[in-house]
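**Q** As listed in Swiss-Prot for this protein:
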- K198: active site (ACT_SITE)
- D43, G44, E45, R102, Q103: ATP binding site (BINDING)
- H136: Mg(2+) 1 binding site (BINDING)
- D175: Mg(2+) 2 binding site (BINDING)
- R200, D224, D228, T229, A230, G231, T232: D-ribose 5-phosphate binding site (BINDING)
Amino acid sequence: MSTQYLNSNLKVFSLNSNKELAEQIAKHIGVGLGKCSVDRFSDGEVQINIEESIRGCDVFIIQSTSFPVNEHIMELLIMIDALKRASAKTINIVIPYYGYARQDRKARSREPITSKLVANLLETAGATRVITLDLHAPQIQGFFDIPIDHLMGVPILSDYFETKGLKDIVIVSPDHGGVTRARKMADRLKAPIAIIDKRRPRPNVSEVMNIIGNIEGKTALLIDDIIDTAGTITLAANALVENGASEVYACCTHPVLSGPAIERIQNSNIKELVVTNSIVLPEEKKIDKVHELSVAPLIGEAIIRVYEEESVSVLFN
């Protein structure tokens, strides 16, 4: 661990969503986590106290807005306010998983655009920069009027699969929306891509999964940004096997894995699911099929580059 930043004005704080990742990030940078307490009043309100001076410091807060989403968002907003009132020079919020990102547009009449609302709340509270990872909708970057560094998980995931030495790989997007992500993975692994085209022929009839691309006899690698209930990814894996894939792997950046997800993955044709630690994975979800990679080096390097006023774009590669 480097000690270059131990006595600097770079401060890293963690709230309650992902302390293990925050500790890994701080270790990569070469600093200890800042001292703060995050408690609850008797009625459930959040109480935060920063237990060291941060006047004139460049502060980075590590907080995924994952389950319980609303609790973690309120912790983050209150921490930002506390830092602002304590005269921090900059308040950089590091959100490995950005909750509410799936509500990025009005899909139906009279719906909110909640990802924009969250961006407004963070800015109004006093955030001066955002560092995040694999937004569900990249256009969310435009919801902010402060700098935002949008990191990608594809390099971490592709490096892992490259070391496995899999043969005859085809990268598969589980829907049309993920084609850009699949193409980035395919470019890194020098592999072709395939797309699963989901169609519902008529109301109350099960979706039909048509596969665009050649997957027969190949090792299929499904890639998505978020796996929530795992319905789409497991049905896609089954469709790939039925259409001739020799074996199926899957990967994602954000393992929400709610509801029946683990049971579905366990009983599916997926040989291995590779995820990152952008969201805490409870012990009961760490089944043999699930392999976790750390995003701490990537985020830690981004923090160093922001602090040193260096380019972050090199990390996109």
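Note that the numbers count up from 1, one per residue, in the order the chain is shown.
Glycine is no exception: its Cβ is also placed from the backbone N, Cα and C atoms.
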**Q** Determine, to the nearest whole angstrom, how far the Cα atom of Q103 (ATP binding site) is from the Cα atom of H136 (Mg(2+) 1 binding site).
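**A** On Cα coordinates alone, these residues lie 9 Å apart.
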**Q** Hey, which of the binding-site residues G44, G231 is the loneliest by Cβ count within 10 Å?
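**A** Result for the binding-site residues G44, G231: minimum number of other Cβ atoms within 10 Å at G44.
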**Q** Find, among the binding-site residues listed as E45, D224, D228, the one whose Cβ has the highest number of other Cβ atoms within 10 Å in the structure shown.
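**A** Highest number of other Cβ atoms within 10 Å: D224.
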**Q** Can you tell which of R102, H136, K198 has the most other C-beta atoms within 10 Å, given these are the recorded positions?
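**A** In terms of Cβ crowding, the pick is H136.
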**Q** Using Cα coordinates, what distance in whole Å links R102 (ATP binding site) and D175 (Mg(2+) 2 binding site)?
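**A** Between the alpha carbons of R102 (ATP binding site) and D175 (Mg(2+) 2 binding site) there are 15 Å.
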**Q** I'd like the number of other C-beta atoms within 10 A of the C-beta of A230 (D-ribose 5-phosphate binding site), please.
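**A** Neighbour count, Cβ to Cβ under the 10 Å cut-off: 27.
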**Q** Record lists D43, G44, E45, R102, Q103 as binding ATP; longest Cα-Cα distance in Å?
**A** 30
**Q** Please work out which residue of D43, D175 has the most C-beta neighbours within 10 angstroms of its C-beta, and give that one of the binding-site residues.
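**A** Checking each of D43, D175, the winner is D175.
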**Q** Taking only same-chain residues 6+ apart in sequence, whose CB is under 8 Å from that of T232 (D-ribose 5-phosphate binding site), what do you get?
**A** P174, D175, K198, D224
**Q** Taking the Cα of A230 (D-ribose 5-phosphate binding site) as the centre, which of the binding-site residues listed as D43, G44, E45, H136 lie within 10 Å of it?
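**A** Candidates kept after distance check: none.
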